[in-house]
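Listed features, source TrEMBL:
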DOMAIN    254-565  domain 'UvrD-like helicase ATP-binding'
BINDING   GLY275, GLY276, PRO277, GLY278, THR279, GLY280, LYS281, THR282  ATP binding site
Amino acid sequence: MNTSGVTLRLLDKADKEILKLPRTVKGAFFDFQHKFRSNPHTTGLKLQQLKGDSRIWSARVNDEYRVLLLRLADNDWLIVSVKHRKDVYNRLSYGVNQVTGGIEYVDLEVVEDSVLRRVPAPAPQAPATAEPAAPTQPEPARSLFADWSDQHLTDLGVAEPLLPVIRTLTTEDQLLGLVEYAPQLTGEVLLALFDGTSYDDVLDQVTKPVAATEPVDPDDFETAAQRPATVVTTTDNALREALESGDFGRWKVFLHPTQARLVERRYNGPARVGGGPGTGKTIVALHRVRHLVRQLPPGRDKPVLLTTYNKNLAADLRSRLLELGGEELLSRVEVSHVDQLALRIVREAEPGNGKQAIDDSQAVREWRGLLDELGEEKWDPEFLHDEWTQVILGQAVGTRTDYFRARRAGRGRNIGRAERAEIWQLAERFSQRLDRLGRQTWDQVAERAARLEMGREQRILNIARQRDEAGGRDNVHLQDGSGGWLRYRYRHIVVDEAQDLRPAHWKMLRAMTARGADDLFLVGDTHQRIYKNQVTLGSLGVNIRGRSSKLSLSYRTTRQILRSALGVLGETTYDDLDGSEENLAGYRSVLSGGLPAGHAFPDWAAEREGVAALIKGWDAGSDTGIPHEQIAICVPTNQMAAEMAYTLKLNGIDSVEIRSDGPYGSSGVHIGTMFRFKGLEYQRMIIAGVSDGLVPREAVSRLRDTDPVRHRHEIQRARSLLFVAATRARDSVDVFWHGKPSPFLDDSWVDTPESAS
Ligand SMILES: Nc1ncnc2c1ncn2[C@@H]1O[C@H](COP(=O)(O)OP(=O)(O)OP(=O)(O)O)[C@@H](O)[C@H]1O
């Protein structure tokens, strides 16, 4: 607990410098912080103003190292750097960025060194020719940003002191050298321009979202320190954790200004955050939960619900929430897998309902069984299952007559009255069959739960009305039939992976919290929708109009992977969960790495051997440090996953199967079908079996002529699956195929040196 009234913060990126310090110096740094907080003027700290500088001070960490601090106000200090004593008098520059209003700090010598280290090796000498060529002056290399004036760049938010060095940049490598030590926005702007984004788009997509909304006073550092653009941490513990867990702990402490705004904003109703893979939607959801909990009155209940699509992801959310805020935070939050939540509601209302819940693939097998028994060959089991879930259950169609009239938007080919009569009869038989077997689908569970919760909400509203009519007097019955107090189950609901929830889930969630400020907060990306649950939230009572925003900086994937992954999506259009279109404009990364690689093989067996050889190559090469659990192999089918595991085993490589509820086993390379990788992240991704006929499946391609609408939907889903798989990678993606490559792979995958072999 800090009692001295001293605030000590750490500026974003200074942590990176600290991480690189020798272990003992890091230890000394923690001691320094502690002492400084209790009394900055303790003699041992040797706090002194740098000569010739009014705001920067230095203090002692140990004999060799010094902390540089900006004095924001009397007792308010900001650590901007920790460096060797001999580097303290480098050319330092700091100021308030005129566009964002955030505090920025640059050590020009560090930046220049980083750029210089990347100077390309001299070009090889031209071979001697008989006829000596006329001496030519080497062309001076063109500055990367010659097309933009200084004014252009600073208007985009580029840090002014860096302009001279920016003008010297001629290669991508040098640019990356600069980005490493430049303020965040400078890096984002320069890379976006370098990648070919137009000036106006950079202004709209990169700069405007972080621009200050009020006039910026360049001398008011205290105000600047409060702006989201000044990314800092203040608490000892947060900092200690971030430093101890290295890059992996940064998400707990340093939110991007765009992320921070979304976390802290007050919304007048349901809000939604979109954004491409790896942009930190889950991170924002977790911080949002903490923000909401901090505003709760003290208590022992759990008024905040954090929910997501599957069990595996819910477990992951729980452990990350624990990391973020410890047991104290977790004690006020219910973290639940949405299907399980629905099942609990149903069981609570119907204690006798012991039916086993089955997933879609089991349900399709049941349909197939039914059709076989009836000798019915006209209908495709998958089509019937979709019709039943999306139209009959999805629209709560209760009678045959209603079904004749039901809208079948997005369901493909027209179905006449006679056919509807057939389907209705089959659907009745199907639900009787499930009943008899003591089974229910997750869609049925969700529907039932939605109805129960909507009924409960109605009762709550009735009670409230009666109370109002009674002038707020207490003698009215405010209890439900069972004598318990009736209230909304949650005060706030936060949903991750929102794009894949079933329509009935939304109805259920809507009814679980009172309509009002900060009631529902959803994060999700429709480009990653891999199930068939397309919804229009407005029609389900969740009104996100005017409260929708987007993240666009990827913290996971490199620019190279991101570019190729976007190619997988093709020209298809995507929705915004509310009936309008959404795109990934502005989606970008400041991380850089190798190009994705394609690997062609004559058949599946050779392809599997190829995968094993690649992993063995990594083990033998300079990458020995990669634990196998950080490598994932993703394949189109379960059968292929088993075959892949077998081949790896023969090659002495252990593997872990990713099942619907998480990894099965503890050590080895992770293997699973594409569906299993949603929300996960690996250092290296291998996507195998990306052949024509497998991605997309042959059966999908056949729909092209018979049912063009379904074909379009299925192709979109297949593209999203591959997109999700490709964007799980932090550092590298290798795509394998045999025979003809999938039509979803563009030249950036197919024309790589590996694929030519
Ligand atoms: N502000 C941040 N600082 C450091 N790392 C971050 C930050 N925000 C996100 N990350 C990291 O980026 C990665 C992706 O974040 P996250 O899983 O939240 O993205 P997402 O948008 O939910 O991705 P997806 O849509 O693919 O599931 C994680 O490793 C996370 O720790």
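Placed from the backbone N, Cα and C atoms, the Cβ positions cover glycine too.
Note that this is a predicted model, so its numbers are computed, not measured.
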Additional residues surrounding ATP, by Cβ distance to the GLY275, GLY276, PRO277, GLY278, THR279, GLY280, LYS281, THR282 centre under 8 Å: ASP525, LEU551, SER554, TYR555, ARG556
For the binding-site residues GLY276, PRO277, the one whose C-beta sees the most other C-beta atoms within 10 angstroms: GLY276
Surrounding CB atoms that lie within 10 Å of the CB of GLY275 (ATP binding site), all protein chains: 26
Taken over the domain 'UvrD-like helicase ATP-binding' (254-565), the model's mean pLDDT: 90
Where PRO277 (ATP binding site) sits in the secondary structure, as DSSP reduces it to three classes: coil
Set of same-chain residues at least 6 away whose C-beta sits under 8 angstroms from THR279 (ATP binding site): LEU551, SER552, LEU553, SER554, TYR555, TYR587
CB within-chain contacts under 8 A for LYS281 (ATP binding site), separation at least 6: VAL273, GLY274, GLY275, ASP496, VAL523, GLY524, ASP525, LEU551
Under 8 Å by Cβ from GLY278 (ATP binding site), counting only residues of that chain that are 6 or more apart: SER554, TYR555, ARG556, THR557, SER589, GLU681, THR727
